[in-house]
Amino acid sequence: MAELGAKMSFCTVTVAGHSIYPPNPISIPDRSSHRKQTISILQKCKHLNQILSIHAKIIRNGHEHDPFIVFELIRLSSSKFNSIDYAFKVFHRTHNQNVYLYTSLIDGFVFSGSYVNAIRLYCQMISKSIMPDNYVITSVLKACGSLLALREGREVHGQVLKLGLSSKRSIRLKLMEFYCNCGEFKYAIQVFDEMPDCDVVASTVVITCYFDHGLVERAIDLFDRVKTKDTVCWTAMIDGLVRNGEMSRALDVFREMQRENVRPNEVTIVCVLSACSQMGALELGRWVHSYVGKYRIELNHFVGGALINMYSRCGDIDEAQRVFELMKERNVITYNSIIAGLALHGRSIEAIEMFRQMLRRGLKLSSVTFVGVLNACSHGGLLDLGFEIFHSMAKDHGIEPQIEHYGCIVDLLGRVGRPEEAYNFITSMKIAPDHIMLGALLSACKIHGNLELGEKIAKTLLDCGKADSGTYTLLSNVYALSGKWEEAAQMRAKMKEAGIRKEPGCSSIEVNNEIHEFMLGDIRHPQREEIYRKLQELNKILKSSQQGYYSPATETVLHDIEDKDKEWALAIHSERLAICYGLISTKPSTTIRVVKNLRVCNDCHSMIKLIAKLTNRKIVVRDRNRFHHFENGTCSCGDYW
C-alpha cells in the first residue's frame, strides 16, 4: 500500500477544465439518428462477440471517436460482459477522453476487482486536469475502501472539499463507507453527523460497517436510534447479527420487524433462514417458508437453496427434498445443498444418487460438491466408493483436492476403525494437515482405543501450537479410558495453565416458536423442577424395567469418581434436559427436535433410543457431526457415528 501511495499523490495537482458532456449522454435529445441506432443495437447485445462485430462497423463508418458511442462500448464491455481488457483498448484509442469515459472505465475496473488500476486511472485523469464529478468520485472511493487505501481515499476527500462537492449525498455515503472499511470510525461518524437527521440509508451504511468489524453493540445502539427504518435497514441488522453469530438476537429483530409491519424482501428471507438453520428453529423456518408462498416470492436458487439448507439443518430432510423437487431450475449450488443435507442425515445412498444425477445432467461439479458427497461416504462407511470419488476429482474433473476433501477421507478411515491407515494417508498427503483433521483422527483413536497413536497425534498438535480445547480434552479422555487417571488429570491441568477453556455442552429445543437452551446440569429454566422430575421418572422406569432396558455406561464418565456420581453426571447431560422439557411441554406424538453443539455421547445415544421407544415419540438430535433420528428404539445412524 505504501508503494501505491508513492505512485499516486493527488493533492499537488491543480484541477481545471470541464467536460462538455452530461452525466447521462444517452438521455438527452440526440441529433444523430445513426448514433441512436448504434447505441440501441449495442444495448441489445447478449455477448461480447456481438460487441466486437458492431465495433468493427463503427470503425468502418468513422464513428470510433464519438464519445457517446465510446461511452456505451466501454460500459458494456467492462461491466456487462466483464471484458475489462477490451474496454481498456477502446478507451486508449479514443481522442478527447472526458470525465464520463474515465468514469465508465474506472467503474469497470471496480466491477472486476482491479482496484489498484481504478485508482491509477483516476490519478491519470487528475493529472490531465480533467475535473472529477460526483460519479467518478464515488467510484474511486469504492476502490479505495475495497483496497483499504486510507491515504489515497483521504486525498480524494480533500479534493471533494476543494471542489465543493461535499454536500453531494452520494459522496457522503461513499465517504462513510470508505472510512468504515478502513476502520476509521471517527471520520465516518464526522461525515455521518453532517447528514440530515434520521437518514436511514446513511445509518444503514454505518450499521453494516460496524458489523463488518465485529462491533455488534455499536451497531445495535445506532439501529435503535433510527426512527424510521426501511426494509434494507432491518435486513442489514438481521444479516449483521447472523454474520456475527448472534442468531437468537437476529430472530428477535425479525420478530420486531413483523410487529412493525415492515415487509421483508428476498435478502431478508435468506438471512432469517440462515439464522433458523444455525439455531435449529424449525417452526419459525416453516413460517418463513409459508411467507414465501403467501407473497409469491420466487423459489429461485437463492431462496430455494436457503430453504433446503434450513430444513436440512433443522432436522426435516423430507421437506428439504420436497423443496428441491418443487424448484423449476436447479443449479450446482442447489444440488450441493441437498447432497450436504442428505449426508448430514445419514442418507448416504440418496446423496450419492444426487451426485450421479449431476453427472448425468452434465453439470460442472465444484469443490463443494465433492465435500458433500465425500461426507456422505464417510457417514455411510462407504470406504471403496469414497476413495473412488476422491481420486476422480483431479483425474476426471480437474479439481485438485483441498484440505476439506483430505479431511473427509481421514474421517472415513477413522470411522470404519482404521486409524493407522488414516495416519498413513495423512503422511502421504500433498498438503499439511490442519488441526481439524488431526482432531478427527484423535477422536477416532479414542473411540477405537488406540492410545499409542492418539498420544502421537496429540503431541504433534501440542508441539506445533495448534492444540485447542478439543485436543486437550480428547487426550485426557484417551488416558482416562485406559485407566491412566494421573495422566488425564495432568492434561486437564495443562489445559488450565494454557488458559484454554473446554467448550461447554449446550443443547437447544424450539417450543412454541421460542428457543430454550440447556447446559450440563442446568437449573436456570423456570420449569426446572418439572424437567428434573421427568428426568428422574424416566431413569427410574428404564432402570427398573423387567426387560432390562438401561444400565448407565459409567465407563464413559472420564473422571475418577464413584459410580453413583458417574450415573448422575450422565443423567444431567444437556440433551437429556432438553428432551425432558420437550416431553412435558409438547403434545403426545409430537416430534422432539434438539440441537447440541458437541457430539452425543454413547450413553446418551443408548438412552435416547429407549426414551423414544418408551414414550412413543420420534426424537431428532443434531450434534456436531450429524443428525440422529431416534424412533421405535433405533437410530438412523445404525449406531455408526
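Note: Cβ is positioned from N, Cα and C throughout, glycine not excepted.
Mean pLDDT of the predicted structure over the repeat 'PPR' (98-132): 93. Per TrEMBL, the feature repeat 'PPR' maps to 98-132 (among others).
Marked as repeat 'PPR' by TrEMBL: 230-264 (among others).
If you look up TrEMBL, you'll see 300-330 (among others) marked as repeat 'PPR'. Through the fold, the repeat 'PPR' (300-330) approaches residues 266, 269-270, 273-274, 276-278, 280-282, 285, 288-289, 292, 337-338, 340-342, 344-345, 347, 593, 620, 622, 627, 629 of its own chain, all at least 6 residues removed from its boundaries and within a Cβ separation under 8 Å.
Sequence annotations record features per position, and here TrEMBL assigns repeat 'PPR' to 331-365 (among others). Taking Cβ pairs closer than 8 Å, the repeat 'PPR' (331-365) reaches residues 301, 304-305, 308-309, 311-313, 317, 320-321, 324, 371-373, 375-380, 382, 385, 389, 397, 399, 622, 626-627, 629, 636-638 in its own chain, all 6 or more past its ends.
As annotated by TrEMBL, repeat 'PPR' applies to 366-401 (among others).
Residues or ranges marked as repeat 'PPR' by TrEMBL: 468-502 (among others). Secondary structure by DSSP for the repeat 'PPR' (468-502): 26 helix, 0 strand, 9 coil.
Taken from TrEMBL, the feature domain 'DYW' applies to 550-641.
Remote same-chain partners of the repeat 'PPR' (366-401), defined as residues 6 or more beyond its termini with a Cβ less than 8 Å from a stretch Cβ, comprise 332, 335-336, 339-340, 342-344, 346-349, 351-352, 355, 358, 408-409, 411-413, 415-416, 626, 637, 640-641. Helix, strand and coil content of the repeat 'PPR' (366-401), in residues and according to DSSP, is 29 helix, 0 strand, 7 coil.
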